[in-house]
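Participant: Here's the feature list from TrEMBL:
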type	residues	note
TRANSMEM	66-83	transmembrane segment
TRANSMEM	115-136	transmembrane segment
TRANSMEM	170-189	transmembrane segment
TRANSMEM	242-261	transmembrane segment
TRANSMEM	307-332	transmembrane segment
TRANSMEM	353-376	transmembrane segment
TRANSMEM	396-418	transmembrane segment
TRANSMEM	425-447	transmembrane segment
TRANSMEM	459-477	transmembrane segment
TRANSMEM	497-521	transmembrane segment
TRANSMEM	647-667	transmembrane segment
TRANSMEM	687-707	transmembrane segment
């Protein structure tokens with residue numbers, strides 16, 4: 001290692017041992033005039049460094065992994081932010097209207113940025129609401145009563161039995177906030193933003209100054225990645241972090257106040273009677289007279305105080321939502337709008353931070369006031385609580401998760417049409433109208449089950465809701481230019497697809513948390529494995545002996561377990577379809593797929609090039625064992641190339657599960673006035689079993705991972721989701737590219753401008769594998785944005801997904817206009833070759849591709865030369881490697897060996913070991929020749 005640390009470092013090869021006696025491998029020999037350095041960055045994406053974590057043992061490691069798992073929806077939300085249209089729709093005669101190029105207002109011309117940020121806020125609120133449901137409702141309200149607790153609870157909770165229910169609510173409400181604080185701390189401590197040691201290089205001009213990222217600094221007609229300072233400064237300032245904390249705290253306060261206000265009033269515990277006159281009359285007595293008509297222990301005589309706290313908490317939630325939606329300096333796509341520069345820039349940033357901090361302080365003060373109302377009730381209420389009956393459920397979480405899920409579902413469905421030209425406001429209105437009609441129909445049906453009245457009114461409302469939803473679907477699916485949308489992921493519905501997956505994952509994790517807690521409290525799960533003993537009340541203090549009997553079953557909020565059941569049913573259907581596709585491909589005929597090089601196959605000879613009949617042909621026996629192995633490897637890789645369709649099916653599964661669970665929970669209530677569950681025991685048992693199995697699998701995987709590794713769970717997910725700046729959710733995983741790109745740029749500058757004297761004879765070739773190709777492209781654009789010349793830099797990529805995935809999913813960042821290569825039509829789910837349409841199009845020369853002057857291929861092309869300083873290696877057996885320009889022969893793409901010639905045994909070459917192939921040194925020599933270097 002020549003420089004760096006445990007997260008990112010530069011390495012040079014060791015001097016080989018002279019007496020090793022082994023022949024050199026392909027790619028292992030370094031010419032005398034070449035200095036080879038390797039840059040290691042993988043730990044930034046997968047390692048979760050927390051100072052002092054090793055001193056806390058394996059328990060802290062488990063908590064850390066649970067926290068990273070909870071961040072997964074936040075990371076998906078950030079990906080959806082960058083998938084939305086980042087530039088305005090091109091207009092006829094608009095010279096700057098190319099997709100992927102910044103317009104006159106940077107990426108503030110885009111659509112949906114504020115909606116995605118509000119979506120991220122609601123993800124935070126859903127997490128807090130779910131943790132509150134597990135702690136305050138399941139534990140504090142249903143599993144603890146005066147002097148007794150459930151036998152499944154550890155002795156750590158014995159002290160709760162000495163408190164009445166309002167005080168228990170105050171104590172246990174700290175747990176969801178503590179959980180959010182842990183996730184926030186993990187996000188902050190895991191940041192790897194580039195901060196070089198300027199003291200060690202006081203005269204170095206290669207260290208970036210870190211200009212502030214602004215949408216206004218995106219030059220018109222240039223790729224967004226050429227925005228000056230794109231990678232050097234955070235796009236999610238501390239003000240937004242404080243706003244999320246304020247919103248979470250306000251939600252907890254609102255739920256406590258809601259329960260304190262409504263639970264003592266008869267008729268207000270269930271939706272079927274909530275809007276009845278009896279509930280309104282009882283509520284009026286509490287608010288106006290300050291006394292409790294039911295005189296129960298859960299009633300708070302100071303109802304006016306709870307009502308005021310509830311109103312203030314809701315007002316804070318609205319303020320936080322609006323501020324995140326339209327904030328000036330707290331969001332990447334509007335940063336710099338009206339923002340003063342120079343000496344006045346600092347006070348604006350400080351005002352934003354002071355405003356957010358003041359709001360957080362108000363939330364803290366409001367929480368203390370509400371805690372005081374619950375902890376020190378009036379004397380009349382305290383006397384009455386001695387003989388009052390404890391509430392059966394914490395009403396604060398009965399509606400909250402469902403309403404948050406419904407709002408986020410509407411945002412996700414709206415996001416399906418952003419890239420297709422469907423208006424955001426109209427789509428939101430259609431969805432809100434459909435949801436309102438459906439909820440109204442359910443309420444009318446519940447309020448008038450045995451009363452004479454308009455029997456057809458609920459049915460009419462349901463029909464209107466269905467019609468509005470159909471209009472929304474037609475609006476989303478019918479909009480847009482299909483020709484251009486075919487070259488975008490999911491036909492231009494990428495933001496909504498990823499938002500739906502994010503919501504589905506978030507609710508799945510929340511359901512596992514809540515239903516898993518309920519199963520544990522009901523004795524269905526044990527911390528030591530197996531099934532726990534029957535649940536009984538455990539006497540903690542001296543009390544009546546009759547109370548030492550069987551404890552009632554703990555029941556959770558319906559949206560959680562019904563989501564698990566709906567998801568389970570849809571997953572079975574989707575898995576069956578995908579399994580059928582998998583089996584039909586794996587056990588069918590072996591097809592001869594097009595390859596980049598006709599000489600890449602053994603002597604059995606499998607043809608390359610176009611498909612004469614428009615589709616691949618079956619192989620003709622007899623087939624040698626080597627050729628069969630290669631063809632089987634191609635077939636396996638082709639199956640994995642269908643990942644885009646797999647994600648769309650996953651999103652559809654989540655969508656059906658979300659809509660089914662929300663509708664089911666509205667039609668079928670879960671709480672009666674006597675506290676008895678009204679759901680079917682069969683459906684509740686099935687859902688609990690499914691989510692309980694998932695909970696055991698997750699916990700087991702996390703424990704095993706914590707015991708054997710220091711890396712984050714599901715590391716490949718973090719590789720893919722954390723390379724873009726965090727601009728949608730402040731608690732999301734950090735962006736490792738914010739260190740990789742500046743660090744690479746600084747290293748390149750240090751080599752090219754050695755001792756502050758430019759070295760014209762020095763050159764750099766970036767050799768990048770897989771996702772490293774994406775980082776290399778970002779590095780080149782960042783260097784060009786700083787006014788640096790790219791004439792002495794070449795690019796060699798291999799096993800990369802620039803065209804097939806990143807160009808389709810992020811068109812404005814890595815699309816055809818940005819890279820200067822033709823777009824990709826995407827893979828087919830059913831065809832033997834998923835790319836057969838693209839192969840046919842690439843061999844069609846009637847419509848040649850014209851590169852934009854600011855595209856990467858043009859920036860890497862010397863004026864007067866026709867060959868770019870860019871070569872890409874790929875092979876059909878690579879499950880993650882694709883051509884970057886065309887399946888047909890071209891000046892960039894080259895074929896690589898499909899058999900690993902560097903191994904002792906016959907090994908199929910897949911995604912790794914490209915430098916060991918025969919094609920690698922040939923590509924390197926060709927690239928050096930294009931850069932004007934003599935042959936070596």
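The backbone N, Cα and C atoms fix where each Cβ goes, and this holds for glycine too.
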Participant: Any contact between the transmembrane segment (170-189) and the transmembrane segment (497-521), i.e. 3 or more CB pairs below 8 Å with pairs at least 6 residues apart?
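Facilitator: Touching, no - the transmembrane segment (170-189) and the transmembrane segment (497-521) miss the threshold of 3 or more Cβ pairs under 8 Å.
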Participant: When you look at the transmembrane segment (66-83) alongside the transmembrane segment (497-521), do they share 3+ Cβ pairs under 8 Å, ignoring any pair fewer than 6 residues apart in sequence?
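Facilitator: These two segments touch.
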Participant: Verify whether three or more Cβ pairs under 8 angstroms connect the transmembrane segment (353-376) with the transmembrane segment (115-136), leaving out any pair fewer than 6 apart in sequence.
Facilitator: no
Participant: What else in the chain is close to the transmembrane segment (242-261), if you only count residues 6 or more beyond its ends and a Cβ gap under 8 Å?
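Facilitator: Tertiary neighbours of the transmembrane segment (242-261) are 121, 124-125, 128-129, 132, 136, 166, 169-170, 173, 176-177, 180, 184, 283, 286, 298, 300, 303, 306-307, 309-310, 313-314, 316-317, 320-321, 323-324, 327, 330, 353, 356-357, 359-360, 362-364, 366-367, 370, 373-374, 391, 394-397, 400, 729-731.
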